[in-house]
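A short worksheet on the structure shown next.
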């Protein structure tokens with residue numbers, strides 16, 4: 001999959017397989 005690490009100040013991650021661990025997207029196990 002794609003690496004996570006985008007910021008998610010809106011609470012949303014646009015990278016598939018990532019979830020928001022404010023303020024950075026983290027990979028969903």
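Every residue gets a Cβ built from N, Cα and C, even glycine.
Residues annotated as disulfide bond in Swiss-Prot: 4-18 (among others). For residue 18 (disulfide bond), the Cβ neighbour count at a 10 Å cut-off comes to 21, with all displayed protein chains included.
According to Swiss-Prot, the feature disulfide bond maps to 8-20 (among others). Neighbour list (residue 20 (disulfide bond), Cβ cut-off 8 Å, at least 6 residues apart, same chain): 8, 11, 12, 13, 26.
Annotation comment: Swiss-Prot describes 13-25 (among others) as disulfide bond. Counted within 10 Å of its Cβ, the other Cβ atoms near residue 13 (disulfide bond) come to 21, all protein chains included.
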Reduce the DSSP letter at residue 20 (disulfide bond) to three states and note it down.
strand
Counting across all protein chains present, how many other Cβ atoms fall within 10 Å of the Cβ of residue 25 (disulfide bond)?
21
